[in-house]
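Engineer: Quick paste of what Swiss-Prot says about this protein:
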type	residues	note
ACT_SITE	GLU115	active site, proton acceptor
DISULFID	CYS128-CYS365	disulfide bond
BINDING	CYS135, CYS139, CYS142	[4Fe-4S] cluster binding site
BINDING	GLY189, GLU190, SER221, SER243, LEU244, HIS245, ASN322	S-adenosyl-L-methionine binding site
ACT_SITE	CYS365	active site, S-methylcysteine intermediate
Amino acid sequence: MLEQQTCAEKAANTVNTVELSTDQAKKINLMNLTRQQMREFFKELGEKPFRADQLVKWIYHFGEDNFDNMTNINKKLRDKLKQVAEIKAPEVAVEQRSADGTIKWAMQVGDQQVETVYIPEADRATLCVSSQVGCALACTFCSTAQQGFNRNLTVSEIIGQVWRASKIIGNFGVTGVRPITNVVMMGMGEPLLNVANVVPAMEIMLDDFAYGLSKRRVTLSTSGVVPALDKLSEMIDVALAISLHAPNDELRDEIVPINKKYNIKMLMDSVNRYLSVSNANHGKVTIEYVMLDHVNDGVEHAHQLAQVLKNTPCKINLIPWNPFPEAPYAKSSNSRIDRFQKTLMEYGFTVIVRKTRGDDIDAACGQLAGDVIDRTKRTAQKKQFGQEIAVRNH
């Protein structure tokens, strides 16, 4: 049974945290709080709740992390805040810039690093955000999964990626231009294995006092943690993308191992339930399908995929696979991708081949790795799997 805190429980926990911070001189990171939680925080300080609205605007519109610069907040309150609170986002450890304009940042989270990718285009600027240090799902074609898993990111470490990127590019409150128009939870980790922190972070993204993004411009991508997906619609409404990658259970069991627990039918039934109550998806889910040469890219696979998706309103993104060291796969040829796309289009599906961005700096889909202290022994397991695939393909 998936356990989640209600808003009231979270607010109560926030209050307890504030008391703990005051008593033990341990400062609370305000980036861990939604605006509603921050209003509770100010009430506990004996202040008017509207101060939270002012503070959220300073933090996210203006990228401000120094209380002394918040000039519409009186000095007495600023001094009080400095005693009990802080505003702290991950720092950039490494920045890499691609020839196509893509930027990848390795963000320092404790003694490890996660990766965040900024993808500018003519009509939008998308930020790809990580939700975990590593990933426990062990998808065989993904570089992140080969690093193993260490821990979930906190709310501040998730929303802090957006904050740090916005500060580098130019905050809305300073430039008058949104530095980021879209956020995709498609970085390192499985977001639905960290809903307790991912959902509040997305709430901040949607909050008009913070980033004010449309719910259609915040996308959560999942490999299919069905109980959490069923719970998600009760917590927040955002755009949904499904990392499907295979048209049958036998193949998906192998390349997306969570399928052994929640098979394709269970997943698609859950997707349809989500779509039935969501306003963020224009009635359609995005299906992500990585193209692996002679693994899942045959015409027969396209026909099978069409049958899987026939009762689910969707658009399909075909993703050319991006190689990483020691991977046991090859990239599908353009001709195989084209044939796969045309086969699906004959069924009436909208099918897009995703343009690869940032592959020269290992920032493309499936290439994010970061610096992870593995707690899952995945690094050792991947060597054995690679040897098995090599023998099978020989």
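Just so you know, glycine gets a Cβ as well, placed from its N, Cα and C.
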Engineer: Rounded to the nearest angstrom, how far is the Cα of CYS128 (disulfide bond) from the Cα of GLU115 (active site, proton acceptor)?
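Structural biologist: GLU115 (active site, proton acceptor) and CYS128 (disulfide bond) have their Cα atoms 9 Å apart.
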Engineer: How many Å lie between the Cα of CYS135 ([4Fe-4S] cluster binding site) and the Cα of GLY189 (S-adenosyl-L-methionine binding site)?
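Structural biologist: About 4 Å separates the two Cα atoms.
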Engineer: State the count of C-beta atoms found within 10 angstroms of the C-beta of CYS142 ([4Fe-4S] cluster binding site), not counting that atom itself.
Structural biologist: 27
Engineer: Here's one to test understanding: among the recorded positions CYS128, CYS139, CYS142, whose C-alpha is closest in space to the C-alpha of LEU244 (S-adenosyl-L-methionine binding site)?
Structural biologist: CYS139
Engineer: Is it possible to get the count of other C-beta atoms within 10 angstroms of the C-beta of CYS128 (disulfide bond)?
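Structural biologist: Looking across every protein chain shown, the total is 28.
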Engineer: Return one of helix, strand or coil for SER221 (S-adenosyl-L-methionine binding site), based on DSSP.
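Structural biologist: Where SER221 (S-adenosyl-L-methionine binding site) sits, the three-state DSSP reduction gives strand.
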Engineer: Widest Cα span across the S-adenosyl-L-methionine binders GLY189, GLU190, SER221, SER243, LEU244, HIS245, ASN322, in Å?
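Structural biologist: That value is 19 Å for the farthest Cα pair.
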Engineer: Only counting partners 6 or more residues apart, tell me which same-chain residues put their Cβ under 8 Å from the Cβ of GLY189 (S-adenosyl-L-methionine binding site).
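Structural biologist: Looking at Cβ-Cβ distances below 8 Å from GLY189 (S-adenosyl-L-methionine binding site), excluding near sequence neighbours, one finds VAL114, SER130, SER131, GLN132, VAL133, GLY134, CYS135, THR144, PHE149, ASN152, LEU153.
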Engineer: Would you kindly give the Cα-Cα distance separating CYS142 ([4Fe-4S] cluster binding site) and SER221 (S-adenosyl-L-methionine binding site), rounded to the nearest Å?
Structural biologist: 14
